[in-house]
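Student: Pasting the relevant annotations from TrEMBL:
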- 39-68: domain '4Fe-4S ferredoxin-type' (DOMAIN)
- Cys48, Cys51, Cys54, Cys97: [4Fe-4S] cluster 1 binding site (BINDING)
- Cys58, Cys87, Cys90, Cys93: [4Fe-4S] cluster 2 binding site (BINDING)
- 78-107: domain '4Fe-4S ferredoxin-type' (DOMAIN)
Amino acid sequence: MNGMGLLKGLAITFKELWKKPVTLEYPEKKEKLPPRFHGSFTLYSEKCIACGLCQQACPNKVIKVGSIKDENNKRKLASYEMEMKYCLFCGLCVEACPTNALVFNQEYELAKYNVEDIKLTLFKKEQITTGEGSENV
């Protein structure tokens with residue numbers, strides 16, 4: 001009786017021995033990620049209306065949106081920064097964006113050596129000195 005369990009285990013081992021391995025040599029080969037993967041962020045600045053809904057939706061207050069007013073008194077995006085060390089990657093900011101300007105991308109290698117490098121600046125416009133300063137939405 002005890003030898004049957006050993007033989008059954010060896011049979012499974014030999015059957016699996018000839019199959020293709022499921023592991024990848026990570027730094028050289030990278031696995032294809034699903035489209036809904038929550039990686040880093042991409043900001044399409046031409047779509048962004050600087051409404052600040054993403055900033056309000058963030059539970060950890062990671063996002064800082066800076067805006068300026070143009071000649072038509074409309075808000076324009078001046079800066080967009082994220083403190084990635086506090087980000088939960090929950091996706092509430094992506095869902096809150098009415099123009100789909102903020103989306104997840106496939107980048108997942110986010111480790112840095114210095115804490116200062118973790119801040120992600122997605123957009124930085126040259127400050128316009130027309131008397132109107134930038135405002136935080």
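Placement of Cβ uses the backbone N, Cα and C atoms for every residue, glycine included.
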Student: Tell me, how many other CB atoms lie within 10 A of the CB of Cys54 ([4Fe-4S] cluster 1 binding site), whichever protein chain they belong to?
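Tutor: The Cβ of Cys54 ([4Fe-4S] cluster 1 binding site) has 25 Cβ neighbours within 10 Å.
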Student: If you measure from the Cα of Cys87 ([4Fe-4S] cluster 2 binding site), which of the binding-site residues Cys48, Cys51, Cys54, Cys97 is the nearest?
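Tutor: Closest by Cα: Cys54.
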Student: Summarise the domain '4Fe-4S ferredoxin-type' (78-107) as counts of helix, strand and coil residues per DSSP.
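Tutor: Going through the domain '4Fe-4S ferredoxin-type' (78-107) residue by residue, I get 8 helix, 9 strand, 13 coil.
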Student: For Cys93 ([4Fe-4S] cluster 2 binding site), what residues in its own chain, 6 or more apart in sequence, show a Cβ-Cβ distance under 8 Å?
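Tutor: Cys93 ([4Fe-4S] cluster 2 binding site) has long-range Cβ partners Phe41, Cys54, Gln55, Ala57, Cys58, Val62, Ile63, Leu102.
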Student: Which residues of the same chain, at least 6 positions away in sequence, have a Cβ lying under 8 Å from the Cβ of Cys90 ([4Fe-4S] cluster 2 binding site)?
Tutor: Pro59
Student: Give the sequence-ordered set of same-chain residues, not counting Cys48, Cys51, Cys54, Cys97, with Cβ within 8 Å of the centre of the Cβ atoms defining the [4Fe-4S] cluster 1 site.
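Tutor: Same chain, not in Cys48, Cys51, Cys54, Cys97, Cβ within 8 Å: Ile49, Ala50, Gly52, Leu53, Gln55, Val65, Cys93, Ala96, Pro98, Thr99, Ala101, Leu102.
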